[in-house]
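Below: one structure, written as structure tokens.
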Amino acid sequence: MLGKHTKLFFGVSLVALIVSVILAAWGFPKIVSKQIQKNIQIDNSSVMFEKWRKIPMPLTFNVYVFNVTNVEDVNNGAKPRLQQIGPYAYKEYRERTVLGYGDNDTVSYTLKKTFIFDQEASGSLSEDDEVTVIHFSYMAAILTVNDMMPSITGVVNGALEQFFTNLTDPFLRVKVKDLFFDGVYVNCAGNHSALGLVCGKLKADAPQTMRPAGDGNGFYFSMFSHMNRTESGPYEMVRGRENIKELGHIISYKGKSFMKNWGNDMYCGQLNGSDASIFPPIDENNVPGKLYTFEPEVCRSLYASLVGKSSMFNMSAYYYEISSDALASKSANPGNKCYCKKNWSANHDGCLIMGILNLMPCQDAPAIASLPHFYLASEELLEYFDGGISPDKEKHNTYIYLEPVTGVVLKGLRRLQFNIELRNIPMVPQLAKVPTGLFPLLWIEEGAELPDSIIQELRQSHTLLGYVEAVRWALLAIAIVATAISAIAVARSGLLPVWPRNANSVSFILSPHPNSDVNKVH
């Protein structure tokens, strides 16, 4: 009777061991993975959905302005001396409106951003502060004309003197709130013959930074008004219900799956990556070396490179940052050749030097983007200034910390600087003596750090995963011990052969029949 029970115990233990091995190697990981996928996919029933639709905390949107301190000297050919003023801090609220779902596991949506000035974070700075900056809209207009039809530059400049108020030089004295959101008024009601041409082109092109004035006679120029309280998109994004590895991937923007701003080149025109707010979980066995995001402001995808594994809020994270190869010149990265567009100067091939991005094909204005203070850009850009430009990795790089299990962004900052060329044009009085060079207007810092409430949710999830992992291996250990005990019990009961205790005897493996003639000594 005892033997029967022993054999039953052994059989049950063996089955439990097999089941435990299967669960440990495949079952538990699959169950956990499925549950995570269920929670983070973009679905009405998921934990992530409402947080994705309406981000539960404001992002930070900081603006730093380059104030010109030696205007008269620059007007007479001296190097510019700049003073960075900022941050002018804003709270940025984001809300998505779902437009519909596609059959290919996608969701279409628009994104609305709302900016509210944060006086506490801005300290002593005020939106009523007056600064002197490069006249961005004037330089954009005069450069466009000078590149397309140099012979009429002087005539058009006469019209621009009526279009812009007090146009004595290429610098704008302006309140911060007008430069950012409220707008600087420009007048189309003058009597210059070329003014109608200028205003007609503005009405036809409708650049984002120019919005029609209510009086019907002009426009308001501002850098960010088009971003505030307006719907951008629509975007079409993968929901991750069918393939979690594709979660967040943008497959179309404004109905286009390919950005033709850069011609027909597949490398430059493809939409690659997410909108930087959501990423798929990271496979620890195949950690991506690059993290792509689609940036509508520059009409292209950019990537951050993996630096390594780190820690944030006592949780493991992968740290990515913009590296020099992402902003490399054509000579350093031949693949970037398709971003070359002639616009920086009349004699330039449009293949910009290291560290700067051409925005002309994207914004229909000769603007140039870079990292703040020309970080990671060619040092020759720094030689143009007499002071005020000092690139610093800690202050000026773009980076992101990604939690691998859920793909949640623990902390991230996107930094971008807007520049335009200040060009010496002898036929234009305002530009006849100025030195030619790339001139920064301002830079932005946009990002977020998770609030304590969401950090606690993540920590609780990690704790629960730890318990599941412990149970996984505990069950396997118990099954192994039970199987070993039952095997020993069966062996001792004589139901299974065991290793002989006599040191002079031979193993039963080699001698299954100890009494046979094979083992006799002759």
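Backbone N, Cα and C atoms are what each Cβ position is placed from, and that goes for glycine too.
The DSSP secondary structure for C338 (disulfide bond) is helix. The number of other CB atoms found within 10 A of the CB of C338 (disulfide bond), across every protein chain shown, is 17. Among the features that Swiss-Prot reports, disulfide bond is placed at C268-C338 (among others), with the record citing similarity to another entry.
Annotation source Swiss-Prot lists disulfide bond at C299-C362 (among others), citing similarity to another entry. Around the Cβ of C299 (disulfide bond), the same chain contributes M259, N261, W262, P361, C362, each under 8 angstroms and 6 or more positions distant in sequence.
Positions annotated as disulfide bond by Swiss-Prot: C340-C351 (among others). In three-state terms derived from DSSP, C351 (disulfide bond) belongs to neither a helical nor a strand segment and is classed as coil.
According to Swiss-Prot, the feature topological domain 'Cytoplasmic' maps to 1-7 (among others), an assignment based on sequence analysis. Across all of the topological domain 'Cytoplasmic' (1-7), the predicted model scores a mean pLDDT of 53.
Under the heading topological domain 'Extracellular', Swiss-Prot lists 29-469.
Annotation source Swiss-Prot lists topological domain 'Cytoplasmic' at 491-522 (among others), citing sequence analysis.
Per Swiss-Prot, the feature transmembrane segment maps to 8-28 (among others).
The transmembrane segment annotation in Swiss-Prot covers 470-490 (among others).
Within the set of disulfide-bonded residues (C268, C340, C351, C362), the lowest number of other Cβ atoms found within 10 Å of a Cβ is recorded at C351. In this structure the alpha carbons, written CA, of C351 (disulfide bond) and C268 (disulfide bond) are 14 Å apart. Secondary structure at C299 (disulfide bond), as computed by DSSP, is coil. In the three-state DSSP scheme, C268 (disulfide bond) falls into the helix class.
Straight-line distance linking the Cα atoms of C268 (disulfide bond) and C340 (disulfide bond), rounded to a whole number, equals 10 Å.
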